[in-house]
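K.L.:
Input: one structure, supplied below.
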Amino acid sequence: MPPQKENHRTLNKMKTNLFLFLIFSLLLSLSSAEQCGRQAGGALCPNGLCCSEFGWCGNTEPYCKQPGCQSQCTPGGTPPGPTGDLSGIISSSQFDDMLKHRNDAACPARGFYTYNAFITAAKSFPGFGTTGDTATRKKEVAAFFGQTSHETTGGWATAPDGPYSWGYCFKQEQNPASDYCEPSATWPCASGKRYYGRGPMQLSWNYNYGLCGRAIGVDLLNNPDLVANDAVIAFKAAIWFWMTAQPPKPSCHAVIAGQWQPSDADRAAGRLPGYGVITNIINGGLECGRGQDGRVADRIGFYQRYCNIFGVNPGGNLDCYNQRSFVNGLLEAAI
């Protein structure tokens, strides 16, 4: 064989080996990247798996143990709920009864929030409303709607059917005072876009839209209005916030599902398991530790009404009047 052909063949072989090595290195780096939680932009693990404190998905104790686990934490490491279908927990008629006046002519969000949109969105979060026994699952749905109804309420003290029948009257903040844009290299604000409160949880600020969009697979930085124009995305954004821990805050889900165990510091701050801690997670800096507060009472009123519809006990520690606020976490929801 002529020497030049041999050299050419050897060179091709070297190139092939180098290419295969680079491909292997790329696959290795991708497989070693963190999968969930704050290490992955707030992403949730698939199939209801636990997200460990280091950003990995699994269903054994190292992944699911508290404290540490960031989201979808289940004692003993059993993945919660097989499908995430909540139709067996909340019926269409219960949804309509809870949000009795959401389609009232006076409500700007009339016609927007639907039962089917909620059920569809919930399927993307297998642990939501499917963790624990039936009573616990119903309490979680009641707590979620209790908090989000306060965020979107159109009720007043003498409203027909009472103030707690008017949740989900709004789908976005009215007359926002700012663009809610904080300079960020990671989550830069898109030209002409505003990041005021939208959806059931009134998602606010560009970094929250960025984190949420990355987790649910939608570009919300460039399209924040989707949270107010697409009901499924609106519910997904709210449930994402609910399911995502904000260290040192636990997730709302972990609290209501009985997975969160308060530390000594939490106990000293008056933060004990119950609905009140969820209020602290969502808006504690403005509402908690101030004694009696009408906003906190409003959140409780919605929750108690919904628990009554589901026939479950709301439990204790419902308020955060005497709780110290958590230090600011990564996310902020309420306005």
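Every residue gets a Cβ built from N, Cα and C, even glycine.
Below are the features I grabbed from Swiss-Prot:
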- 1-33: signal peptide (SIGNAL)
- 34-75: domain 'Chitin-binding type-1' (DOMAIN)
- Cys36-Cys51: disulfide bond (DISULFID)
- Cys45-Cys57: disulfide bond (DISULFID)
- Cys50-Cys64: disulfide bond (DISULFID)
- Cys69-Cys73: disulfide bond (DISULFID)
- Cys107-Cys169: disulfide bond (DISULFID)
- Glu151: active site, proton donor (ACT_SITE)
- Cys181-Cys189: disulfide bond (DISULFID)
- Cys288-Cys320: disulfide bond (DISULFID)
- 329-335: motif 'Vacuolar targeting signal' (MOTIF)
K.L.:
Let me make sure I understand the structure: which of the disulfide-bonded residues listed (Cys51, Cys320) has the fewest other Cβ atoms within 10 A of its Cβ?
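P.N.:
Selected from the disulfide-bonded residues Cys51, Cys320 on minimum Cβ neighbours within 10 Å: Cys320.
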K.L.:
Could you round the CA separation between Cys320 (disulfide bond) and Cys57 (disulfide bond) to a whole angstrom and send it over?
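P.N.:
A Cα-Cα distance of 32 Å.
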K.L.:
In which DSSP state, out of helix, strand and coil, do we find Cys51 (disulfide bond)?
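P.N.:
SS state of Cys51 (disulfide bond) = strand.
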K.L.:
Cα-Cα, whole number of Å: Cys45 (disulfide bond) versus Cys64 (disulfide bond)?
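P.N.:
Cα to Cα, Cys45 (disulfide bond) and Cys64 (disulfide bond) are separated by 12 Å.
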K.L.:
Given the disulfide-bonded residues Cys36, Cys51, Cys169, Cys181, find the one whose Cα is closest in space to the Cα of Cys69 (disulfide bond).
P.N.:
Cys51
K.L.:
Can you name the recorded positions among Cys51, Cys64, Cys107, Glu151, Cys169, Cys288 whose CA is within 10 A of the CA of Cys73 (disulfide bond)?
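P.N.:
Neighbours among recorded positions, in sequence order: Cys51, Cys64.
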K.L.:
For the domain 'Chitin-binding type-1' (34-75), what's the mean pLDDT in this predicted model?
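P.N.:
Summing pLDDT over the domain 'Chitin-binding type-1' (34-75) and dividing by its length gives 75.
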